[in-house]
């Protein structure tokens, strides 16, 4: 009888535990004796749910809180930026409306216009400052690092550019025209500084072409590039500069051709001059372009031989080394000086100032072939 009651109670407890939400483990001690035929009943011990969280639980809780704070911060920043941008749009809208009013058919008076422009200027400055603050607030650290790196690169480029300009200036001061390996340097204006030319072919000419490369440092009212003269007439042939103009004289000052505003100081310029006695045709060329022509210039004249040909000075005396005028002297550099008997064609003149200019030589005076002697402080440079 006791055993039947015990089995019935155990079965009833198992069924009750299966149908409940919380499973409780019941321990039945079948070895105990039950007095008076009654099954002892005891209340189950309640679960202690207030246990302390583990370290992993604390870590996950901290991560969740951090993500929540970051999300709230981003949301607040987005709201602030959106509000500021809306304000800026409103400001720009007011500016646009003000500009439309200023440009409308009914323009205000000068005072009102000035006041409105001042207001617009101040508003644009305020908007610019606010936009700058927004950009600073929204800038990320990688962008700041990239900006600093870009600034460093720009600074390096500025220094490189300055160095390049210095090198270019140094090279320009020593640069010679294409095909030319030497030039004659006239360091200053002096009656003792010139170069004498000694052609083998006599200078008895009824027609000629003369070309020369010029880089002048200073030009006065008359600065002689080259001159040929005799004791009887020191002005048989002259090519000289007058400030920014170039002049060709044959047989005397009455036969003079002028080309105005064609010379630039400090730069190489290729000059050519031609003359034909038969028709008195005279022409001047600058860098391959015809700049001046004339007819009836020393028509029928013949340039006599036996004179003195010089570069950088005018010979108006009887003897070498005398009769020079300091104010007529050339200062700068000259190269590629050639004289031909005959008139060159347009194409030949362009070739004379081209890539092989110093390798094209005249049949009366040829640069690099005819003897040219520097005097005073004049000297060859390379």
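All residue numbers here begin at 1 and follow the chain in the order shown.
Cβ from N, Cα, C; glycine included.
It is 79-137, from the ranges 79-137, 138-196, that Swiss-Prot records as coiled coil.
Other C-beta atoms found within 10 angstroms of the C-beta of residue 221 (N-linked glycosylation site) number 10, with every protein chain shown included.
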